[in-house]
Amino acid sequence: MADVNRGNRPLSPHLQVYRLPLAAITSIMTRITGHALVAGIVLITWWLVAAVTSPGAFACADWVVRSWLGFIILTGSMWALWYHLLAGLRHLFYDAGYGLEIEQAHKSSQALIAGSVVLAVLTLIVFFVF
């Protein structure tokens, strides 16, 4: 059977035209940071297990943790922890019915990103200064 209304149907937005809202991007990032925290947990767990295993195992694990790759993983995990924590707090406000309007969700997304970066930088400063 022929479709007589073929030209009158609405078209989907093209992927190059459609932009995800910032709230959607931060929601996706919350899921990604939750999974990325595993990398830091694995590295710290390996370091702690090596500390009670033998001096040679600890020396190897300690070298990895203190290397530039270990620093990047631990710093990224620390940022992911702050991001995930702040996103969880924002979600509690959503559950209570606050901040659900588009403009409020956009502002809370901006605050989430800025807050996580500021807290991560402050944590690094405290870690290296004190």
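Including glycine, each Cβ sits where the backbone N, Cα and C put it.
Fair warning: this is a prediction, and the values are worked out from it, not measured in the lab.
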Leu22 vs Ala96, membrane side identical per Swiss-Prot
yes
Given the transmembrane segment (69-89), its same-chain partners at Cβ distance under 8 Å and 6+ residues beyond its ends are 26-27, 29-30, 33-34, 36-37, 39-41, 43-44, 112-113, 115-117, 119-120, 123-124
Counting only residues 6+ apart in the same chain, whose Cβ is under 8 Å from the Cβ of His84 (heme binding site)?
Thr30, Thr33, Gly34, Leu37
Integer mean pLDDT for the topological domain 'Cytoplasmic' (90-109)
97
